[in-house]
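Trainee: There's a structure below that I have some questions on.
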C-alpha cells in the first residue's frame, strides 16, 4: 500500500525554506479576497505589496501607501487565501527606526493573519531585522531595485551592472541572512549576480526581473494577466489579455441592455 502525503493546510516558512534547490517557489501579488481566493490553490506565496498603490490606486509610485491601507488589504487577502504564505509589505516610512518598525510590525501580526512582513534595504537594515525577528516577527528582505527608493535613485534602475554594485548586493544578501530574514526578494538585478546570491545564501531567493536562477519568482498579478497596456516591464510575461476580455464582456452586457435583450424572461421574476 502506497503512502500518500497529506495536503498542506497552511504553507509555513519551513515549507518554503525546504524548497531551496529542490522546487521553485511560486509567488504572486494580491490585494483583495476575491483574487486571493482564486490564487489560493495555485501559489505558495501571496504578497500584499505596496505595489497596490500603483496598480490598485493608480498612483505614480508606492510611496504614499500607508500602514492603514496595507492592514486593510492584508485582512482582505487573508480572508480569501487560507493556504499560501502571506507577506505584507511595510510601506514607506513605516520602519524608519526600530520603535516605529516594531510598532507597525506588531500591528500587522495582531490585526491580520499575515505570515510575514517585507521591508526594503540592505545591510543597513540588518540590526532592524534582528530586532524584529527577536520579537517573533518573520521578516522577508528585499534588495536590488527598491521601489521605495525610486525618487532617490531617479527612476527604476536595474542593479548589478558593475562590480561595485555586485559586491554591494552580495554583502547586503549575506548581512540580511545573518540578521535573520527568512526569504529574500531580488528585484531588478542582473542574472549573474542573482545566481551568485542564490548559490551563496542558504535561504530562498524570490526573483522579479532577476533571471531564472532564483529559488522562486513573483509577478504583480495585473501585469501578468494583461490589465495594463500603457507600460509593461521587460521581465513581465503576459499570460492573459485581461483588460481586453473584460472590456469585451462589458460591451456585450451594454449591447444586450440597449437592445432589450437583458434581462430576459428566465432572468426576471413574475
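Any Cβ shown, glycine's included, is placed from N, Cα and C.
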Trainee: Same 3-methyl-2-oxobutanoate site as 50, 51, 118 according to Swiss-Prot: which of 32, 89, 97?
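Mentor: Record source Swiss-Prot; matching candidate: 89.
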Trainee: Could you measure between residue 118 (3-methyl-2-oxobutanoate binding site) and residue 50 (Mg(2+) binding site) for me? Cα positions, answer in whole angstrom.
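Mentor: Just about 10 Å between their Cα atoms.
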Trainee: Measure from the CA atom of residue 89 (Mg(2+) binding site) to the CA atom of residue 51 (3-methyl-2-oxobutanoate binding site) and give the result in Å, rounded to a whole number.
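Mentor: On Cα coordinates alone, these residues lie 9 Å apart.
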Trainee: Count the other Cβ atoms sitting within 10 Å of the Cβ of residue 50 (Mg(2+) binding site), across every protein chain shown.
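Mentor: A 10 Å sphere around the Cβ of residue 50 (Mg(2+) binding site) contains 27 other Cβ atoms.
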Trainee: On a count of neighbouring CB atoms within 10 A, which of the recorded positions 89, 120, 187 is highest?
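Mentor: Of the recorded positions 89, 120, 187, the most buried by Cβ count within 10 Å is 89.
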Trainee: Which residues, same chain and not among 50, 89, 120, have a CB within 8 angstroms of the centroid of the CB atoms at the recorded Mg(2+) site?
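Mentor: Near the Mg(2+) site, beyond 50, 89, 120, sit 49, 51, 62, 65, 90, 91, 92, 118, 119, 142, 147, 148.
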